[in-house]
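Quick one: this structure, given as structure tokens, is what I'll be asking you about.
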Amino acid sequence: MRVLVTGGSGYIGSHTCVQLLQNGHDVIILDNLCNSKRSVLPVIERLGGKHPTFVEGDIRNEALMTEILHDHAIDTVIHFAGLKAVGESVQKPLEYYDNNVNGTLRLISAMRAANVKNFIFSSSATVYGDQPKIPYVESFPTGTPQSPYGKSKLMVEQILTDLQKAQPDWSIALLRYFNPVGAHPSGDMGEDPQGIPNNLMPYIAQVAVGRRDSLAIFGNDYPTEDGTGVRDYIHVMDLADGHVVAMEKLANKPGVHIYNLGAGVGNSVLDVVNAFSKACGKPVNYHFAPRREGDLPAYWADASKADRELNWRVTRTLDEMAQDTWHWQSRHPQGYPD
């Protein structure tokens, strides 16, 4: 298939592009490089074993989107492009709604003009809000996300659901993922956050490699086994595989298809720190800090629907997530070259 991957040079997008190329698909990457670097592109090609086409541009440029969809005879779109820092979204709500909601509107309007009807959306477990029951199941009603980031994901899900009702021949997958971590096992591709990392694993990795002094663990008084927050961590390679499987199985299958992509188990912040200490062979310096507003004590996925319907399940452990992250970070202490 000929696949347009928006945000394809970012963390999850780049790993997914490698898996798509390895599966023989033709990949066109669209990215404005606001959160990624051009130097990842040759790595994608080398690991994928095939050349991807790259277009530098913005999903909010509807004319450019229409041109790409037409000129490359795109069959399906996997949509990763968007801003993703929860804390930043509270400070910059308009930028998040413009990029994530308006950007997606421009993209699907271009798809309609180009008669492309297969769409995979990179959604998030944040759309569930605060649920009374764990694990989270796709049949749960969506909640009220705490941040503009989460709200933007939920708004896009609602827009896509309305679109599919009005245009019943569209196939739309809403992939709700939990906490992606890890890196390509080669050690040559991984998460390379710009500035201070917003997520746990890259922050731990930067402490271990000497770029940061200490990890702040927000809250050690939660009603969990060790008092720290519990989340569902999924290896980015398992997540990438989930996108490829969803794309291949759901192409031209009309409907809105909703799947949780998670490991189906919860691990605490201290579990992750301990796994990383084991991977890098030394203790990771950390300290406790007050809880962050809006953080939930614990949640994880019920991913049995994806197992049942897509024959997809995670195969990589927390130890492998830590080992692969350390392999990447220790080989590339400063991330990708500028």
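Quick reminder: no glycine exception, Cβ is built from N, Cα and C everywhere.
Just so it is clear, the model here is predicted, and its values are computed rather than measured.
Reproduced below are the annotations present in Swiss-Prot:
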ACT_SITE  Tyr149  active site, proton acceptor
BINDING   11-12, 31-36, 58-59, 80-84, Asn99, Ser124, Tyr149, Lys153, Phe178  NAD(+) binding site
BINDING   Ser124, Tyr149, Asn179, Asn199, Leu200, Ala216, Ile217, Phe218, Arg231, Arg292, Glu293, Gly294, Asp295, Tyr299  substrate binding site
Expressed to the nearest Å, what is the distance separating Asn32 (NAD(+) binding site) and the residue listed as 'active site, proton acceptor' at their Cα atoms?
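Here the two Cα atoms lie 19 Å apart.
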Among the binding-site residues Glu293, Asp295, which residue has the fewest other Cβ atoms within 10 Å of its own Cβ?
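With the binding-site residues Glu293, Asp295, fewest surrounding Cβ atoms within 10 Å: Glu293.
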At the level of the C-alpha atoms, what whole-angstrom distance separates Ser124 (substrate binding site) and Lys153 (NAD(+) binding site)?
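Rounded to the nearest whole number, the Cα-Cα distance is 7 Å.
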What does the structure give for the C-alpha distance between Tyr11 (NAD(+) binding site) and the residue listed as 'active site, proton acceptor'? Integer Å is fine.
17
When the Cα of Asp295 (substrate binding site) is compared with the Cα of each of the binding-site residues Ile59, Gly82, Lys153, which one is closest?
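Of all the candidates listed, Lys153 is nearest in space.
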With a 10 Å radius around each C-beta, find which of these binding-site residues (Lys153, Arg231) has the fewest other C-beta atoms nearby.
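Fewest other Cβ atoms within 10 Å, among the binding-site residues Lys153, Arg231, is found for Arg231.
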Grab the substrate binding residues from the record (Ser124, Tyr149, Asn179, Asn199, Leu200, Ala216, Ile217, Phe218, Arg231, Arg292, Glu293, Gly294, Asp295, Tyr299) and give me their largest CA-CA distance in Å.
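Pairwise Cα check on Ser124, Tyr149, Asn179, Asn199, Leu200, Ala216, Ile217, Phe218, Arg231, Arg292, Glu293, Gly294, Asp295, Tyr299 gives a maximum of 24 Å.
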Return the residues near Asn179 (substrate binding site) by Cβ distance under 8 Å, restricted to its own chain and a separation of at least 6 in sequence.
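Residues satisfying the criterion: Asn199, Leu200, Arg231, Asp232, Tyr233, Ile234, Gly262.
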Between Ile59 (NAD(+) binding site) and Glu293 (substrate binding site), how far is it from one CA atom to the other, in Å?
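Taking the Cα atoms only, Ile59 (NAD(+) binding site) lies 32 Å from Glu293 (substrate binding site).
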Cα of Asn35 (NAD(+) binding site) to Cα of the residue listed as 'active site, proton acceptor': how many Å, rounded?
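If we compare the Cα positions of Asn35 (NAD(+) binding site) and the residue listed as 'active site, proton acceptor', the gap is 15 Å.
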